[in-house]
Amino acid sequence: MFEDLQISRESRAIQPKTSSMSTTSRSSMRSEQFTDDTSSISAKSDASVDSLIFDPNFGAIRPDLYPRKDIVLQQSSLDGGQGRLHTRLKYDFRTCDFVVHLIEAQDLPPADPVTGTFSDPYIRISLLPCVDERVRQSSVKRRTLNPYFNEYFKFPLDFDDLKEKTLVFHLFDYDKFSRHTSLGEVEISMANVDVSNSVEMWCDVQKQHKVAGESGEILISLSYLPTAERLTVVIMKAKELKLSTAAPSADPFVRVSLMVDGKKVKRKKTSVRRGSVNPVWNEALAFNVPAEVLPKVSLEVSVLDHDLIGHGEMLGRCLLGGTDKPGEEQGHWKDMLTNQRKSVAMWHILRK
């Protein structure tokens, strides 16, 4: 009835301008169109209402539409001039890993300030106190002071334990035949950084600080020949030995003790180097060690100052091998085990 009334009025309104046949035809068409459009609108309205009522995802936030940007932090130091380190930190709640993305370093100092030549930098990453026995180390980038790494490292630990840790980056210049020179370090207290979301950081590199109790360094090469069941320890040289007395120099020698399950079973020593705190030996000490015993073996390497009266004053020592000694010493031992028949050399810090 309502549709008929509207159509009739429209027909009368346009009658003076059109013929009767034309009016009747157009009225029918307009009537059909009006009816169809009304039905369509009604159907769409019903569908929208149904969707609003029954769609459980209506109004839900879509994270993919709102990408979260990294927080960028700057860590500055009064001890500048050593370059900058670029890293990204995040805790992976799915795998319970603290993930360190080592991106790059910039404006590193040359290993030799006199010549100003390029370095071959690499970075060793530690989380202290240690969470495991793995040694995490980047690749070596040749002849550059602006190395780009783009490498990832993971530390397995609970998120709540992370705030008690300190993340340390040690930067070194690689030298195949000499001591790896320190280019600096970066320390980040995890108590001050929220890594529940990704955090990007630019940090000033500082000069590496000497730890109290350190007594110099010693360069040692290890190799194991399984066919002969022979463990060879090459004492190459030491650097910056510290004396507990006022003597200007020392007469150092090295004693290597072979231990099985923590018990000393054999020991050998090098010759004495007179009047030097930077002695060079390049002496090989060989031990017969069966393959089945090797996992239980550890080495105590001690540097002593020769004394004609006594047994010699202890200048410092380090422990290689064993299962309860994390860090570089354990890493060196594992490198030897995985590269049998090859000599693996590494510098170690001497402690009293």
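Just so it is clear, glycine is given a Cβ too, placed from its N, Cα and C backbone atoms.
TrEMBL annotations: computationally assigned, not manually curated.
Taken straight from TrEMBL:
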- 1-12: compositional bias 'Basic and acidic residues' (COMPBIAS)
- 1-40: region 'Disordered' (REGION)
- 18-31: compositional bias 'Low complexity' (COMPBIAS)
- 81-203: domain 'C2' (DOMAIN)
- 214-348: domain 'C2' (DOMAIN)
Legend entry - Secondary structure content, the domain 'C2' (81-203) (per DSSP, counts of residues): 7 helix, 60 strand, 56 coil
Inset, instruction - Please list, for the domain 'C2' (214-348), how many residues fall into helix, strand and coil according to DSSP. - result: 14 helix, 70 strand, 51 coil
